[in-house]
């Protein structure tokens with residue numbers, strides 16, 4: 001009986017069918033990037049806002065002031081008190097007497113000297129925004145003492161990513177890749193709609209977390225499917241190219257944010273495409289590799305026949321059953337990631353590598369515009385510069401391998417952060433680069449399918465190195 005890889009090779013490892021499925025699932029990378037970094041535009045800090053003195057709203061209505069006139073008449077410039085803003089976080093602790101205050105000059109009873117003796121008090125949910133619904137900052141008053149809550153929204157999202165990786169990752173192994181992918185697309189779409197119309201900040205946070213859970217499910221399962229329906233030699237290509245679509249999303253997002261003036265409009269624009277992915281039910285099959293692990297060889301073979309047909313190939317009629325080893329039908333658990341020594345080492349290093357990459361990447365991207373300039377253009381450029389890096393990896397990965405570029409890029413990123421900021425917080429990426437050197441090189445080696453394969457990587461790498469060295473010596477002689 002043939003193995004799965006033998007049948008897939010005859011059906012064509014990366015033919016027309018796989019390319020179509022691959023292109024469809026790559027769109028998930030675009031929408032996931034919207035979710036991953038969308039807070040940059042959802043949470044822009046409003047340029048014009050101030051703290052309203054109690055009674056000022058009634059006075060403004062009685063006097064018929066515009067917002068600019070209300071600010072000019074009731075919120076004096078505080079620069080002369082060594083404060084940099086015009087009453088954004090503090091206000092004078094006074095109350096208006098609407099019947100006696102003049103509309104032409106409501107502060108006439110105060111002089112600069114007497115104003116200096118008036119106590120100040122912090123603003124308590126009494127802010128006025130010229131564009132009140134432009135960002136979540138103005139929607140939920142995430143300014144001044146509440147400014148840290150903006151970062152909380154991203155922390156909650158990342159917590160959702162973590163929860164989604166564990167829960168939906170396990171579910172995808174148990175119930176199927178495409179089933180969990182479609183479930184996640186529906187979930188992230190529905191949660192995104194609730195986020196757009198959340199009545200308060202607490203509801204916003206809850207469904208922001210759930211967006212992270214389901215968003216991680218879409219990205220993770222899409223990545224797994226595209227790597228499982230192609231041959232082992234094509235995995236490196238599809239694994240890199242799907243990341244390029246993430247970069248394309250980074251480049252598209254500032255255009256969406258530039259054209260849509262409100263955060264709710266942006267949220268809807270980056271959420272609704274997830275519902276289109278539900279149409280993949282009729283276009284993307286279940287992973288045949290996963291079907292084999294669940295002892296569903298007949299269904300896997302049926303999908304392979306479909307792949308061959310669309311690729312213009314024909315499978316031999318004696319392919320009535322596929323060979324599957326005991327290791328391939330085992331049901332691994334999370335403990336298998338740390339049970340054996342090599343697997344434990346690789347798992348911990350890669351966990352740290354992903355943690356560091358996400359931290360450094362988000363730290364750089366999320367703070368774009370903090371030093372001024374055009375946020376939309378800067379964000380577009382930050383995405384565009386990732387494309388040459390991806391193309392460079394495609395060109396060099398078979399020549400140099402995976403480990404060395406991974407290590408060097410992290411070390412360079414860490415050193416760059418250190419030089420730029422002159423703070424030790426960039427040592428993270430440097431440490432990551434060093435730790436990556438402890439990982440095995442997978443160049444020229446079939447990707448491991450089981451824990452036992454992982455444990456044997458080091459020995460395979462040593463044998464491969466000795467064989468290459470022997471060939472070099474022989475050719476030299």
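Glycine too: its Cβ is placed from the backbone N, Cα and C atoms.
Looking at 133-151, 266-284, 285-303, 304-322, the range tied to transmembrane segment in TrEMBL is 266-284.
This prediction places the mean pLDDT of the domain 'Major facilitator superfamily (MFS) profile' (97-477) at 81. The stretches the transmembrane segment (238-260) and the transmembrane segment (376-395) are in mutual contact, each linked to the other by at least three Cβ pairs under 8 Å (pairs 6 or more apart in sequence). Beyond its flanks by at least six residues, the transmembrane segment (266-284) meets 20-21, 24-25, 27-28, 30-31, 34-35, 38, 41-42, 178, 181-182, 185-186, 188-189, 192-193, 195-196, 218, 225, 253, 256-257, 260 of its own chain at Cβ-Cβ distances under 8 Å.
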